[in-house]
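Peer 1: Grabbed the feature section from Swiss-Prot, which reads as follows:
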- 1-11: topological domain 'Cytoplasmic' (TOPO_DOM)
- 12-28: transmembrane segment (TRANSMEM)
- 29-46: topological domain 'Periplasmic' (TOPO_DOM)
- Cys38-Cys41: disulfide bond (DISULFID)
- 47-63: transmembrane segment (TRANSMEM)
- 64-69: topological domain 'Cytoplasmic' (TOPO_DOM)
- 70-87: transmembrane segment (TRANSMEM)
- 88-143: topological domain 'Periplasmic' (TOPO_DOM)
- Cys101-Cys129: disulfide bond (DISULFID)
- 144-162: transmembrane segment (TRANSMEM)
- 163-168: topological domain 'Cytoplasmic' (TOPO_DOM)
Amino acid sequence: MSNPMRPVRSILLAIFTGCAGLIGYALYLQLVENLLPCPLCVVQRMAYWLIGLTALAGFFHTPETTGRRIYAGLMAVFAFTGGLVALRQAWLVRYPEAFECGISPEEAFLNALPLARWWPVMFEANGDCADVTWKFASLTLPDWSAIFFMILAALSIYVLLVRENQRE
């Protein structure tokens with residue numbers, strides 16, 4: 001007997017694993033490569049956390065159609081939000097003159113959140129959003145983040161729309 005939720009559960013586990021890997025790499029860049037996160041980076045980290053934890057909850061809960069769609073819808077909203085933030089940061093990297101110097105209201109707000117006090121290494125913003133110190137294949141970190149958010153959004157929409165009686 002085939003479990004109709006198995007493909008969906010595999011995707012949810014892959015989404016969680018991908019988000020955990022991206023967060024782990026962000027911490028590596030911060031702690032080993034000394035690349036401080038800016039306010040927009042911290043918001044993207046929060047989005048990756050929200051997507052990953054929602055996927056993990058969906059994986060363990062294995063809900064029926066309505067619950068699966070709620071989990072997938074939340075993941076899609078978090079992915080689109082994170083993607084928009086990543087695109088905004090990519091724009092700031094390309095047009096740094098549009099960025100104001102000094103402490104931004106976003107930085108002050110994020111650093112005042114309980115999350116930043118509870119886990120400052122993960123959620124405290126100290127970097128400059130327009131600073132480019134890392135590139136891979138001619139793409140900056142915000143570019144790659146936007147790509148990963150698009151992939152996560154596409155997977156979330158697939159989970160949202162897939163029929164549960166689909167067989168492997």
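Here the Cβ of each residue, glycine as well, is placed from N, Cα and C on the backbone.
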Peer 1: Limited to the topological domain 'Cytoplasmic' (163-168), I'd like the whole-number average of pLDDT.
Peer 2: 55
Peer 1: Take the topological domain 'Cytoplasmic' (64-69) and count its residues per DSSP category (helix H/G/I, strand E/B, coil), listing them in that order.
Peer 2: 5 helix, 0 strand, 1 coil
Peer 1: Which residue counts does DSSP give the topological domain 'Periplasmic' (29-46) for helix, strand and coil?
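Peer 2: Going through the topological domain 'Periplasmic' (29-46) residue by residue, I get 11 helix, 0 strand, 7 coil.
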Peer 1: Counting across all protein chains shown, how many other Cβ atoms sit within 10 Å of the Cβ of Cys38 (disulfide bond)?
Peer 2: 25
Peer 1: Inside 10 Å of the Cβ of Cys41 (disulfide bond), count up the other Cβ atoms and send me the figure.
Peer 2: 25
